[in-house]
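Undergrad: Before I ask anything, here is the structure I am working with.
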Amino acid sequence: MTTSISILGAGSWGTALAIQAARNDCSTLLWGHDSAKIKKIEQDKKNQRYLPDIDFPELLHVTDNLEQAVRFSSIILIAVPSHVFKDTLIKIAPFLSRDSKIAWATKGFDPEDGSLLHAVVGQVLGNHVATAVMSGPTFAGEVAAKLPTAITIASASPLFAMQLTEIYHNQYFRTYTSSDIIGVQVGGAVKNVLAIAAGIADGLGFGANTRAALITRGLTEIMRLGTQLGGQHDTFMGLAGLGDLILTCTDNQSRNRRFGLALGQGKSKQQAVTEIGQEIEGVSAARETYQLSQKLDIDMPITEQTYRVLYENLDPRKAVQNLLNRDQKAEV
Ligand SMILES: NC(=O)C1=CN([C@@H]2O[C@H](COP(=O)(O)OP(=O)(O)OC[C@H]3O[C@@H](n4cnc5c(N)ncnc54)[C@H](OP(=O)(O)O)[C@@H]3O)[C@@H](O)[C@H]2O)C=CC1
Ligand SMILES: O=C(CO)COP(=O)(O)O
């Protein structure tokens, strides 16, 4: 049975996943890139910045030494933001062993070319390494507070999915396995764009009808892109699709939704980014998703208008008008 895991990325999600593994009797080493912050976490035995109320379990240790972290366990779970995902893989490559397996909980695309992250792993490490992705409706603070949560673990390797299940599953953290690595990643990456759109709509003062319409038509956009990229329809109706879309479009714990709210209330993109002060994956995902939709000729009007607000200075009110002024059409 697996008893150890290395987690790379000491932000809110990496820390919550480390706490959850260690609480489940798994010896856990959490790596962060900033030595001063790691020293403070080590002294405090908690991550004051991201999860201030949560004491670390005994089996959780931290390090700023990447080689030590990678050599600590054959299971490596990456939870850094998507814009440093590839760089992190390049840095860990020399320290990997033949047994190393790579999982990630990052939600997004490679900013260089819009690739899904499994393709980035393939480019950097080759296709022989076992991989898995963890995604679903999972706010870090709620996981750390032991509030009941469910997540999808997708892998082509049933053994690796089972090892991650053994590490993570317990009475308040349910893991479901899947073989649809593509669908799970597309759901997690694109819902962030739609959460920004839902935030904008609420910030402009629109109501529950608008929000529900955005979620539903947003799901259609995720499905159009996701199935074309090779994901399975049912995945988008599950935790990593509809589940995460509902969570982030409706609850203000979502940084992407809060970012959209600020834009809808008239704040600038820079003001909103500064105020939130954490990763807002939907900002880059809006560009990458829009570019993918153009390349593949997929109709994604909410994504397109969100992209134009973020990158072409389109007034959010005009973006809503653009959506509403499109020709009438059949729903499916
Ligand atoms: N928070 C959540 O509830 C969830 C987040 N996710 C996903 O997890 C990923 C990480 O997000 P999250 O933890 O929330 O973000 P946070 O903003 O909470 O933390 C980001 C972390 O990344 C670190 N970081 C920045 N640059 C680098 C680098 N070059 N190398 C290593 N670490 C770096 C930051 O360090 P520093 O503090 O020094 O800036 C910080 O610790 C995202 O893809 C997000 O979508 C998925 C599910 C839930
Ligand atoms: O992915 C998340 C929850 O599943 C976190 O959402 P935000 O990044 O919008 O905060």
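Glycine is no exception: its Cβ is also placed from the backbone N, Cα and C atoms.
Checked TrEMBL, it gives:
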- 5-157: domain 'Glycerol-3-phosphate dehydrogenase NAD-dependent N-terminal' (DOMAIN)
- GLY9, ALA10, GLY11, SER12, TRP13, GLY14, ALA140, ARG255: NAD(+) binding site (BINDING)
- SER12, TRP13, HIS33, TYR50, LYS107, ALA140, ARG255, GLU281: NADPH binding site (BINDING)
- LYS107, ARG255, ASN256: substrate binding site (BINDING)
- LYS107, GLY136, THR138, LYS191, ASP244, SER254, ARG255, ASN256: sn-glycerol 3-phosphate binding site (BINDING)
- 180-321: domain 'Glycerol-3-phosphate dehydrogenase NAD-dependent C-terminal' (DOMAIN)
- LYS191: active site, proton acceptor (ACT_SITE)
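Thinking about packing and proximity, how do these listed features fit into the structure?
TA: Cβ environment of GLY14 (NAD(+) binding site): ILE7, LEU8, LEU30, GLY32, LEU77, ALA79, VAL80, ALA105 lie under 8 Å away, each six or more residues apart in the same chain.
Under a cutoff of 8 A between CB atoms, and with a sequence separation of 6+ in the same chain, the neighbours of TYR50 (NADPH binding site) are ALA10, GLY11, SER12, THR15, ALA140, GLN278.
Just so you know, the Cβ of LYS107 (NADPH binding site) picks up 29 other Cβ atoms within 10 Å once every protein chain is counted.
Mapped onto three states, the DSSP output places ASP244 (sn-glycerol 3-phosphate binding site) in helix.
This prediction places the mean pLDDT of the domain 'Glycerol-3-phosphate dehydrogenase NAD-dependent C-terminal' (180-321) at 98.
Taking all protein chains in view, 33 other C-beta atoms sit within 10 angstroms of the C-beta of LYS191 (sn-glycerol 3-phosphate binding site). Classification of LYS191 (sn-glycerol 3-phosphate binding site) by DSSP places it within a helix.
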Undergrad: To the nearest whole angstrom, what is the C-alpha distance linking GLY9 (NAD(+) binding site) and GLY136 (sn-glycerol 3-phosphate binding site)?
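TA: Each residue's Cα considered, GLY9 (NAD(+) binding site) and GLY136 (sn-glycerol 3-phosphate binding site) end up 18 Å apart.
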Undergrad: Rounded to a whole angstrom, what is the C-alpha distance between ARG255 (NAD(+) binding site) and ASP244 (sn-glycerol 3-phosphate binding site)?
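TA: Between the alpha carbons of ARG255 (NAD(+) binding site) and ASP244 (sn-glycerol 3-phosphate binding site) there are 13 Å.
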Undergrad: I need the nearest neighbour of ASN256 (substrate binding site) among the binding-site residues TRP13, HIS33, THR138, LYS191, ASP244, using C-alpha distances.
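TA: Smallest Cα separation from ASN256 (substrate binding site) among TRP13, HIS33, THR138, LYS191, ASP244: LYS191.
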Undergrad: Which one is it: of the binding-site residues HIS33, GLY136, THR138, LYS191, SER254, whose Cα lies the shortest distance from the Cα of TRP13 (NAD(+) binding site)?
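TA: Its closest listed neighbour, by Cα, is THR138.
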